[in-house]
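**Student:** Below are the features I grabbed from TrEMBL:
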- 78-205: domain 'EamA' (DOMAIN)
- 75-94: transmembrane segment (TRANSMEM)
- 106-124: transmembrane segment (TRANSMEM)
- 136-156: transmembrane segment (TRANSMEM)
- 163-183: transmembrane segment (TRANSMEM)
- 189-209: transmembrane segment (TRANSMEM)
- 216-233: transmembrane segment (TRANSMEM)
- 253-273: transmembrane segment (TRANSMEM)
- 285-308: transmembrane segment (TRANSMEM)
- 314-335: transmembrane segment (TRANSMEM)
- 347-367: transmembrane segment (TRANSMEM)
């Protein structure tokens, strides 16, 4: 079974040229080694990759017939897969709140406060000292997180959403580029191919073909700025927490970073609608949706901090586009909505996009 983080995880540690299981503290900081979640002993041995700059969990033993198809370096990708479902589900609840007149500033402030609360739990899982000389790092990363949110608001609220939504998909490719430039990773060709396919797939899934094409360049620049900010956020979390020689542990970096996010979120108070929380019909979907969005952030950011692997994490996370379309279509058919009246052309484009995203995920897992 997977061990609880608070109790340590079973890992494979190199000793005398052989790999033997032992228990170590969760996500040791500064050791240059990222401890991985280990599966039962009958599966291929699992070890952390140290010094390579890549987040890989490698098998040191010859695979048997029973575990030939076990993808022992990809189990952590279940977290971004779960995050993609949580994100799409959270948006459904938040859409109910926005239909009732809740603005994005209120929604984001609620989600960020949820995130700061949930991420606080990581603080009690470790007792590592805080590297105060590097306290600027979580504060800086939080700034990119909030700036990405602001860019998203400007692109959607003051631009053309039919242009902005497909452009947000470029984040998958940007993460691969920045992981190379900032993180110093040497990505396999398969990862680049998967990133490109996922980017195109997201664009097709999100494409509506509608809109008034107003303020095109404003929309493009805002969407690209948001995507760049979120991409830098992902890569810096990986660099500061899970890269060889990183000074931060997950249990210290993530709470400090999201507490900083909560402080920066005070800028959203300018548009906060306090009266919406007084309405039970708005309060319930707003709080539940915000909690689900915060939970998906936990899955993504925890994975980046403990395992790294930002390019593949983002490829798998792109599945949120598929779940979002399916959930929106299903709810529209049951309860009514514009998603049930889409043209055949749009549905074909979305189907093609979903296929590309699926292929990209398969490539990232099997060949990345």
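Cβ from N, Cα, C; glycine included.
Unlike curated records, TrEMBL annotations are generated automatically.
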**Student:** Quick one: do the transmembrane segment (285-308) and the transmembrane segment (163-183) have at least 3 Cβ pairs under 8 Å, skipping pairs fewer than 6 apart in sequence?
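**Tutor:** No, since the transmembrane segment (285-308) and the transmembrane segment (163-183) share fewer than 3 Cβ pairs closer than 8 Å, they do not count as touching.
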**Student:** At an 8 Å Cβ cut-off, counting only pairs 6 or more apart in sequence, do the transmembrane segment (189-209) and the transmembrane segment (75-94) clear the bar of 3 or more pairs?
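**Tutor:** Since fewer than 3 Cβ pairs under 8 Å link them, the transmembrane segment (189-209) and the transmembrane segment (75-94) do not come into contact.
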**Student:** Using DSSP, tally how many residues of the domain 'EamA' (78-205) sit in helix, strand and coil.
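**Tutor:** Split by secondary structure, the domain 'EamA' (78-205) comes out as 107 helix, 0 strand, 21 coil.
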**Student:** I'm checking region-level scores; what's the whole-number mean pLDDT for the domain 'EamA' (78-205)?
**Tutor:** 86
